[in-house]
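> Below is one structure. I have some questions about it.
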Amino acid sequence: MSKDSKHVCKPRCDPKIAKCGNGTCVEPNRCDCKKGYEFRGHACVPICDSTCINAECSQPNTCTCKQGFNKSSEPNVCKPICNEGCSNGTCVAPNTCPCLHGYQPSEAAPNSCEPSCDPKFFDTNNGQCTAPNVLRCNEGYQLTYSVESGLIRCQSQCSPECVNAQCLPDGSCRCLAGFFPSQEAVNVCEPMK
């Protein structure tokens, strides 16, 4: 207890033991907290009627978002922020974006997911996945089912397949730059000398 100027003893709260910042020291090292606060641990802390999600109760019934989170449309709920966006994925924590089913992480862009084709069913050589398990063939190739491999794949429309050349939709081969048609083999282009 400490004395004031009129020789009345007042309780004293050691700030290392009882922090009465949002209350009044009523007994040695015991606080009577203001409305909306409760004595917890060694301090008067704010009370929030609803649980703060990804946030801290900073004042009575007021949630403040933690770093890396923003307010959502739901009261007392903060949602994670993915700074680079979250294409075809779900932002589950700050800058953490797992891909949705049927998508895989993109090597070209962080926090971006691109469609994937299940390798148990698709051979993606000479084509690309445009949506989950949807294969689009490159020019000069057509979608076929291979009985030998049991896979859906893109097969050349040129028979035999072009060598050092591009297969055109009409089934002919066009030599790549620096190559010319072979005189000895069909659909083969040889390097210029």
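Backbone N, Cα and C define each Cβ position, glycine as well.
In case it's useful when we look at the structure, here is the feature table from TrEMBL:
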DOMAIN    12-45  domain 'EGF-like'
DOMAIN    47-79  domain 'EGF-like'
DOMAIN    81-114  domain 'EGF-like'
DOMAIN    157-190  domain 'EGF-like'
> Can you name the far-off residues of the same chain, 6+ from the ends of the domain 'EGF-like' (47-79), with a Cβ under 8 Å from a Cβ of it?
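Apart from its flanks, the domain 'EGF-like' (47-79) reaches 35-38, 91, 93-95.
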> Over the domain 'EGF-like' (157-190), what is the model's mean pLDDT?
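Averaging the confidence scores along the domain 'EGF-like' (157-190) gives 90.
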> By DSSP, what is the split of the domain 'EGF-like' (12-45) into helix, strand and coil residues?
0 helix, 17 strand, 17 coil
> For the domain 'EGF-like' (157-190), jot down how many residues DSSP puts in helix, in strand and in coil.
0 helix, 13 strand, 21 coil
